[in-house]
Amino acid sequence: MEIILVLGWICSFSSIAVQFVGIEICFRIWKKGSTGDISPAPFVANLIAAGLWVKYGLLTSIQSLIIVNALGAILALIYVIFFYIYSLRKSLISRFMVFGCLAISVPYLYIGVYLEDQNLAIEHLGKMCVLMTVISYAAPLASLFDVFRQRSTDCMSFPLVLAYFIVSVEWFIYGSLLKDQYVQMPNLIGIALGILQLGLFVVYPKSKTASKEITIEVL
């Protein structure tokens, strides 16, 4: 039990650290003055997934899930609001936000009103969480087209991909120790997607020009 508790806190801290990457994206948007071509879809997907996992954590009494996803939901909501402020397509962001609210509230009502059996509620909500987590993991894969077209991973962030891969491994191990398939399944898919994306950095390494630009920007 002590190992599970320690690993749960490690997973929580790792996930929280990764979620703060959105601050860097918001900073770039602020400097530019607009969202440009950056899509809010990944943040909306993260918001929905986090919101559902909070409920799942409450039903299963898994404290680490509650903590990390409560903070994740708050951060995702802040990011989406930030997108709305700087986006020229506010109607599109509004539709995303309405969809996000419905995607969270409908399952909550369904679980709370129609399912009195807690085991059945956990099963149904677990499947919803898995689906949304897979969608959340898949959201950044839109950049794969540009990678194959340009034969370069300039549009991808190696530290971010590596961080998500490590977090997926941690949560998969944690889910295995808990013997919770709904924690295991989406993170197993996350591991597979992480390996795929890390492999792209080997096949299509970043160009020297992009590396110099990154170095200059950091300095």
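Every residue gets a Cβ built from N, Cα and C, even glycine.
The annotation transmembrane segment is assigned in TrEMBL to 6-27 (among others).
Here TrEMBL flags 62-85 (among others) as transmembrane segment.
Residues or ranges marked as transmembrane segment by TrEMBL: 92-113 (among others).
Per TrEMBL, transmembrane segment is recorded for 125-148 (among others).
Taken from TrEMBL, the feature transmembrane segment applies to 155-174 (among others).
Annotation source TrEMBL lists transmembrane segment at 186-204 (among others).
Residues of the same chain lying 6 or more positions beyond the ends of the transmembrane segment (186-204) and with a Cβ under 8 Å from any Cβ of it are 129-130, 133-134, 137-138, 141, 144, 147-148, 150-153, 156, 158, 161-162, 164-165, 167-169, 171-172, 175.
At the 8 Å Cβ threshold, with sequence separation of at least 6, the transmembrane segment (6-27) lacks contact with the transmembrane segment (92-113), having fewer than 3 such pairs.
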